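Visitor: Mind looking over this structure? Questions follow.
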Amino acid sequence: MNSHLTCLGVVLAGGNSTRMGQDKASLTFANNSLLAHTKAIMHHAGIKETVVSGNNYQVADLYPNQGPVSGILSVIAQYRPQSLIILPVDMPLITSDLIKQLIMHGQLKQQATFYQGNRLPLFLPINGFTELAMNKVKQQMSLNSNSQQTKGPSIQDFLENVPQQALKISDERLLINTNTPNQLQLALQQYSKRNKHEQFKANR
């Protein structure tokens, strides 16, 4: 385990983006790409290093076409961090404060930590429970790859036997995924409105 990587940021950008019609990570959001926007959120949350999971990015999937769990396992295998904070590339309304809360509560209890009703974003400590869960899903994904099965285990399946906690969130809209052009446009409108409100408060 890499003792220098106490908490590694992971942006999941390996989806097919079928409903969006093009690679989500490269879409423009608030004068940036969605990927750059997501990495900036991680940076503002105090994450010193963030990697991108996806076949077109830094960490290719060890088990192709097996979903986000394959991406998570691939990052762990390559970097061996003490813990991960995992964020999908298509959740642009989330704030750095929400990421900080996950890390703080997760590190305190050394448990997988997420918000109620959502398995992402996720704080994941790498410990014995996680290793056992990884071994289980690796076997499943190996079988899936051999049989050409294209749907891997869900994050909920992966966390089934991992100690976990779900935090309350006051505004679930901050965790909205942008899967279609319309959803992306609505998210951008909400983001712009929020920024104007924050600027107004700062200038009072």
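Even glycines carry a Cβ here, placed using N, Cα and C.
The domain 'MobA-like NTP transferase' annotation in TrEMBL covers 9-132.
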Visitor: For a three-state summary based on DSSP, what are the helix, strand and coil counts in the domain 'MobA-like NTP transferase' (9-132)?
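Guide: When I sort the residues of the domain 'MobA-like NTP transferase' (9-132) into the three classes, I find 45 helix, 27 strand, 52 coil.
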Visitor: Mean pLDDT for the domain 'MobA-like NTP transferase' (9-132), rounded to an integer?
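Guide: Mean pLDDT for the domain 'MobA-like NTP transferase' (9-132): 93.
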